[in-house]
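Peer 1: Starting off with a structure, shown below.
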Amino acid sequence: MAKDPVRVLVTGAAGQIGYALVPMIARGLMLGPDQPVILHMLDIEPAVEALNGVKMELIDSALPLLKGIVATTDVVEACKGVNIAIMVGGFPRKEGMERKDVMSKNASIYKEQASALEQHAAENCKVLVVANPANTNALILKEFAPSIPEKNVTCLTRLDHNRALGQIAERLGVHVSNVKNVIIWGNHSSAQYPDVNHATVTTSAGEKPVRELTADDNWLSTEFITTVQQRGAAIIKARKLSSALSAASAACDHIHDWVLGTPKGTWVSMGVYSDGSYGIQPGLIYSFPVTCQNGEWSIVQGLKIDDFSREKMKATEKELIEEKELAYSCLK
């Protein structure tokens, strides 16, 4: 029996990430090869022609799973009945702008979109915030969509998680699918902490710790961390544009694992509502290691945290607390 279509909202759909993301969703990479979808694409008025162009290309792709397209600049129309909302649209930081200026612009955007989701999205709608500052934008959205459960509002740190997996695989000369259980703690920013203390690699001799195989604690504590933290900036320098393909792929991974579950023995990184685990202030949107089952995520508990890691985790928590205060001051 055919499944009912899932309505998936992508904001900023005419932008670079949106352009890479919508065909992935429509091809089943996000929700599986047998799950039909109806795409809701939202963008701002100046991008309406580009948005219509994306719609035309989707039609021209003759995608069997794509059962309908809503392409609009009306936030209410875009949010009606959506089961999954991927919030890619946001105001980018421009030359000469202070963080507070960017925060103020995005606070207004996310306040409006939160209200529309609150009133018009389907019950139990799952939300993924991609636009930066992702953790804080997600927190603003949660504040202004109080009927959406706090466990249903998340932000994207899977991109950083995937970057960390990629760096370890490159260093060890193994396939990335053999590396698992890295952790991104904290903020999707240069203060994030990529942690390999619990990561393993599948070898012909069984699972081995990443630290044992790299045999280079100095690299893991310095260059590896900064490479993951600064990867976005390196891509901008190389492409003259920000990460789009990898961000779209990571968004697919995030929703895929959240909805369909993580493999047994494997965790992933998601920016989620802190419950105080690992001593992190409750009420922040903070990246933790999580497992997913039956459409729900759970923070992995009981991991041993050394002093180096604790210091890094608290530093990124401090940045998030400051961002939260700044965002709330913009909303007053």
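Count begins at 1; order follows the chain as displayed.
Here the Cβ of each residue, glycine as well, is placed from N, Cα and C on the backbone.
According to TrEMBL, the active site, proton acceptor annotation covers H188. The annotation NAD(+) binding site is assigned in TrEMBL to G12, A13, A14, G15, Q16, I17, G18, D43, N106, V130, A131, N132. According to TrEMBL, the substrate binding site annotation covers R93, R99, N132, R163. Feature annotation from TrEMBL assigns domain 'Lactate/malate dehydrogenase N-terminal' to 6-153. Marked as domain 'Lactate/malate dehydrogenase C-terminal' by TrEMBL: 157-326.
Walk me through the surroundings of each of these features.
Peer 2: All protein chains included, H188 (active site, proton acceptor) registers 29 other Cβ atoms within 10 Å of its own Cβ.
When other Cβ atoms within 10 Å of the Cβ of A14 (NAD(+) binding site) are tallied across all protein chains shown, the result is 25.
The number of other CB atoms found within 10 A of the CB of N132 (substrate binding site), across every protein chain shown, is 20.
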Peer 1: Over all shown protein chains, what is the count of other CB atoms within 10 A of the CB belonging to G12 (NAD(+) binding site)?
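Peer 2: If we count other Cβ atoms within 10 Å of G12 (NAD(+) binding site), we arrive at 24.
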Peer 1: Considering only the recorded positions N132, R163, H188, which fall within 10 Å of N106 (NAD(+) binding site) when distances are taken between Cα atoms?
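Peer 2: For N106 (NAD(+) binding site), the recorded positions whose Cα atoms are within 10 Å come to N132.
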Peer 1: Could you check which of the recorded positions (N132, R163, H188) sits closest to G18 (NAD(+) binding site), going Cα to Cα?
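Peer 2: When the Cα distances are compared, N132 comes out closest.
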Peer 1: Tell me, how many other CB atoms lie within 10 A of the CB of G18 (NAD(+) binding site), whichever protein chain they belong to?
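Peer 2: Cβ-Cβ neighbours of G18 (NAD(+) binding site) within 10 Å number 26.
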Peer 1: In Å, rounded, how far does the Cα of N132 (substrate binding site) sit from the Cα of H188 (active site, proton acceptor)?
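Peer 2: Cα-Cα, rounded: 8 Å.
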